[in-house]
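Q: Take a look at the following structure, please.
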6 protein chains.
Amino acid sequence: MRPSGRKTDMMRAVSFERNVSKHAEGSCLVKFGDTHVLCTASLEERVPPWLRNGGKGWVTAEYGMLPRSTGDRMRREASAGKQGGRTLEIQRLIGRSLRAVVDLEALGERQITVDCDVIQADGGTRTASITGAWIALYDCLKWMEQRSMIKLDRVLKDHVAAISCGVFAGQAVIDLDYLEDSAAETDANFVMTGSGGIVEIQGTAEGAPFSEAQLLELMALAKAGIADLVAKQKETVAGPQQ
Amino acid sequence: MRPSGRKTDMMRAVSFERNVSKHAEGSCLVKFGDTHVLCTASLEERVPPWLRNGGKGWVTAEYGMLPRSTGDRMRREASAGKQGGRTLEIQRLIGRSLRAVVDLEALGERQITVDCDVIQADGGTRTASITGAWIALYDCLKWMEQRSMIKLDRVLKDHVAAISCGVFAGQAVIDLDYLEDSAAETDANFVMTGSGGIVEIQGTAEGAPFSEAQLLELMALAKAGIADLVAKQKETVAGPQQ
Amino acid sequence: MRPSGRKTDMMRAVSFERNVSKHAEGSCLVKFGDTHVLCTASLEERVPPWLRNGGKGWVTAEYGMLPRSTGDRMRREASAGKQGGRTLEIQRLIGRSLRAVVDLEALGERQITVDCDVIQADGGTRTASITGAWIALYDCLKWMEQRSMIKLDRVLKDHVAAISCGVFAGQAVIDLDYLEDSAAETDANFVMTGSGGIVEIQGTAEGAPFSEAQLLELMALAKAGIADLVAKQKETVAGPQQ
Amino acid sequence: MRPSGRKTDMMRAVSFERNVSKHAEGSCLVKFGDTHVLCTASLEERVPPWLRNGGKGWVTAEYGMLPRSTGDRMRREASAGKQGGRTLEIQRLIGRSLRAVVDLEALGERQITVDCDVIQADGGTRTASITGAWIALYDCLKWMEQRSMIKLDRVLKDHVAAISCGVFAGQAVIDLDYLEDSAAETDANFVMTGSGGIVEIQGTAEGAPFSEAQLLELMALAKAGIADLVAKQKETVAGPQQ
Amino acid sequence: MRPSGRKTDMMRAVSFERNVSKHAEGSCLVKFGDTHVLCTASLEERVPPWLRNGGKGWVTAEYGMLPRSTGDRMRREASAGKQGGRTLEIQRLIGRSLRAVVDLEALGERQITVDCDVIQADGGTRTASITGAWIALYDCLKWMEQRSMIKLDRVLKDHVAAISCGVFAGQAVIDLDYLEDSAAETDANFVMTGSGGIVEIQGTAEGAPFSEAQLLELMALAKAGIADLVAKQKETVAGPQQ
Amino acid sequence: MRPSGRKTDMMRAVSFERNVSKHAEGSCLVKFGDTHVLCTASLEERVPPWLRNGGKGWVTAEYGMLPRSTGDRMRREASAGKQGGRTLEIQRLIGRSLRAVVDLEALGERQITVDCDVIQADGGTRTASITGAWIALYDCLKWMEQRSMIKLDRVLKDHVAAISCGVFAGQAVIDLDYLEDSAAETDANFVMTGSGGIVEIQGTAEGAPFSEAQLLELMALAKAGIADLVAKQKETVAGPQQ
């Protein structure tokens, strides 16, 4: 039995609120249950030094948690003077995930930075970030298309979404919340495209090692969950920008 | 004529949403027009080293802006490796303002940290922060009172709220938005208590120096505005926590 | 009764020693009683990036305290690895105060940095810094005029000087020394021009909030004091450079 | 055809040189072809703050690359002032991998730090590090057993080793060298125990997303390779310490 | 011919002004010509962690240059975020030099920090610092003796002073000023005690290597110069504290 | 009697292994007994900003110690966030020593960085570094000569090598190992050229001051030792590159 009473293959309530920022070219407040992440996509007419004058663009991400997004207040990274290893790891993952569905040449020599700031955390902040970042990126590209800068469907090749699965109390479950995450024996994050391709898989044994059979069980859950998330993304961008 | 069409003595729409954080002991999303600040109050059972074993508590504040809270994306301070001078100046101001209405001995040897994170900026982030921080602090102290840790009205001696006033296009106006702030000749921030005492006043000539008469004109606007803000705070905490 | 025996409206002995640095284009050792600050103005033929190729110059300031300028030795900021919030706040204030009386276009695309280093501290280091920095800036501009780079009186539009006032033991007093500053109920810093315009005002209630009447009382003291300081500046720059 | 002429399922020459440090309790120079990593295990009689007085020990890892271990000289992280995201990510992975086979309670309240310093890099530095780190850890625990501090086989529950696999030129291959790694379509790192359990799996699509079938193909290669590595570890620790 | 017209064995005018700080237990403004260094000795009733509860004290030094102590303004180290290699090297040298003449056990478990801040630089800042630091240290120890904390002559075993010598325009000269220092072929710093023992010698070939004969020539100059400096130190501390 | 049983004028076994890095233009693993340092020379086609467009090149060095190169594990400088004073001092010394025998104009506008990383430490790491760095530099310049970039014998004017000498148990000894170094009364490092010129001398009294006679005794030992080291360097570079 899961602490939340959910069935093993049941995700939390997922919602996307678009256009939550007056300033950003694209933005989305994504909620996976009590995990809330504000994603903003910012367009800049410059690329990192190693890409200059190559005609290619760049998509990158930054991740942060508000100090009291968590049960105990965490030290503010700006005051600590550096981003921790977990933060750097997550923002590199978000960036790679988004770039997997973007044609950087079609984007042209510009950079889009997607900031994922966790307003409230209850497990799964990185998967919610990736899933919401795609919406913010979509809206940023749409903003560009409206200004005849790009063709949206040439730049954005597919959807990308992510979900965590894990072995909790001996059972494979999807979309772990904080209580489950802290006690899971195995924890895996899956990033997949709309067409079902795998972009990234990260599985970690928290306690005993896991088997290939268990991994496949988690992947089956993830596939179904990500298909749902992609359907919700489609429905969201088909609707009005609010 | 103000860009927003407001009269010289008219503040923007102000709202307080309480209890917006699942984790924090007190929280408030404050809006002054398009300026939105998330304030959370976190209780910790320890005090800074210089206060240890003295029986007194401490109230402090930290301030941050999300990278795309502004028109152009700002560099994330956590990634830059340090908090800028403006950030440090503002968080010191918020902390002093709150301590002006708290009896630190009645609080006991504990620390409350109020984090003010700007979700969206349109001028006046420091004054919105102070005004919303008071609500978060109130709810944190109420949380403590419900657990018999303190008596709320012995710890919290008064309201505190803040507003900016300035000389824009030759006229004294209240609650400057970003467009006005960028063009103001004089910019002043006022922090006052519910009983009308001045806690802090910071006036700066952006262009030509200003006169004592102008300062008094700004102060008159501020007094009226802060009285309004305090009335709204009273109404808010009298209502349910949502 | 003030600890120093001074009357409420009596400043400490003020002196300016010009030309104390062999290297700087302008320099001044300013003393407000036992508070001694070394101010040097350095001319550089380059401006910050955001001003490049705009034809305008820049005046900025840096502030520091020698580790044993104070009663207890403070940690050296260079060794701590960063400048504290108070340091950044003060150097921003000094810079703003000087720029209020400089015509940056008449200066041309150059930067003058005024370093204010506190050799010995006894309260009022920021007001002594501003007042002495004006002399260093004047001498730097004179040095430039002698080399036909600028016209001094087109660049430097007015005097600027500063003084602290506060409520100590229930009475409004001027130019607080360390003993008074530590015990003051209210502490305010005033920066004004030679023609009596207000450049900056910063008033803080250290204990109970203060009233508008008290603020006006402090301002009256400040006006008289700053007029005295400006008179001393005039006398100083009229004399030989030593 | 692989650049090195290896068959798809052929690893590079692997060797372990034990006891290469005069000072460390355990040490190993591991080579996967031209990738050379020096691993040292250091015993300290203290644990991180969050474990104090809990009776449990800790095993952690740090990772670094010598500036000219790579084709182009990289900036020294000590001089840059911080460890990069990739470094932090890898050292967190090494630490988790080792802890997966250690009984931290049987270790007692002590910390073992395994430093993995890349002397020369040619792809696969993280997998070589994990595989060599196990030898250094083994020898450190043996050193402790010889001093009657622990029972080696109660602390060290299993072997752990790692290998990278990827899709290169359309084919699944094992143990990618730098040339292959730079051009691989998919890159996956596998960490497994001696008994075949999965400790960690990290798969990334560098170009097009990959399929579940491809992942299983990579995993089949990894299983065989890791079994070989574990056999070599067994042979190594069965031999003399040199 | 030396730029200053001095003979090869002639030092610049040397002076010590004692008691220049209202706060420090001992202080000295030392001048070697246009090189001016403010030395303050601060007593603290605590020692570094590695000496705790050992009954021994510690003497250490910190060194800094005001930004415009030099011909061109240098970046403030506090703003750069770290002390440079040259700064660290010099402050380590000053500390070692002072400790060479102090009985740390007789000092007791306390720390004296001597801050050497260069007000104006014209070559030889490290040798002036050491020579002036001895005076500040002497006065700090005298202050302690007056309070019956120590016996001065049991703690301070000897004088220590320093001078630079170098080969300039083919000739061995003493006490190089900046012009000579920039052009010297060989530059050597000597630290010696009152009884003529060598505490530290640092010789560097700036251009062509130098010979043992040249080193001995420089040392002969240094011996005579340091004897003079020690005589001046004796005269200074025999006089009143001003 | 020395702990190692060596005679006073006997150095430890010295060896140079060339060409130990697949990537670096020149490399050398130097051993002075149990002190092992990996030296790599990296050629870059750019110079530091202050040399740009001047036609001159630059040779610089960086130094580091692996965390467990020492008896107790040291904190990794990359993780501490800065290089310590000792590190900076040593790498400045290595750079100066190498530049003393290089014609920077003949090198042309390029930079060679020699990294000296201590794999295992047992005293004398800086002298081993300098001596081995010369080999790495030689091989880098030879690499350049083979590509017709320079003439080796016009760029490299002489050999440079270094040795430590000290007073241990009352006797002058050469090439101190860690046990001797920790207990030495006087410690001196000598850097000399192949033709016997002195490049750098650094002598420090660890306990009582030393005399000129003692310094000369140490220098005599150093001369003989460095002559031996230079002979070994010649023999090494005359042989094959392995």
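Keep in mind that glycine also has a Cβ here, set from the backbone N, Cα and C atoms.
Straight from TrEMBL, here's the annotation block:
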type	residues	note
BINDING	D:R86, D:G124, D:T125, D:R126	phosphate binding site
DOMAIN	D:11-140	domain 'Exoribonuclease phosphorolytic'
DOMAIN	D:160-224	domain 'Exoribonuclease phosphorolytic'
Q: Please identify, from the binding-site residues D:R86, D:R126, the residue with the sparsest Cβ neighbourhood, meaning fewest other Cβ atoms within 10 angstroms.
A: D:R86
Q: List, in sequence order, the residues of the same chain other than D:R86, D:G124, D:T125, D:R126 whose Cβ lies within 8 Å of the centroid of the Cβ atoms of the recorded phosphate site.
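A: Close Cβ neighbours, site residues excluded: D:Y63, D:I90, D:V118, D:A121, D:G123, D:T127, D:A128, D:S129.
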Q: Taking helix as H, G and I and strand as E and B in DSSP, count the residues of the domain 'Exoribonuclease phosphorolytic' (D:160-224) in helix, strand and coil.
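A: Helix, strand and coil residues of the domain 'Exoribonuclease phosphorolytic' (D:160-224) number 19 helix, 30 strand, 16 coil.
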Q: Tell me, by DSSP, whether D:R126 (phosphate binding site) is helix, strand or coil?
A: helix
Q: So for D:G124 (phosphate binding site), how many other CB atoms are inside 10 Å of its CB?
A: 26
Q: Going by DSSP, how much of the domain 'Exoribonuclease phosphorolytic' (D:11-140) is helix, how much is strand and how much is coil, in residues?
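A: Across the domain 'Exoribonuclease phosphorolytic' (D:11-140), the residues distribute as 42 helix, 41 strand, 47 coil.
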Q: Relative to the Cβ of D:T125 (phosphate binding site), which residues of the same chain, six or more apart in sequence, are found under 8 Å away?
A: D:T35, D:V37, D:M65, D:I90, D:V118
Q: Would you give the longest CA-CA distance, in whole angstrom, between residues of D:R86, D:G124, D:T125, D:R126, the set recorded as binding phosphate?
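A: In whole numbers, the farthest two Cα atoms are 13 Å apart.
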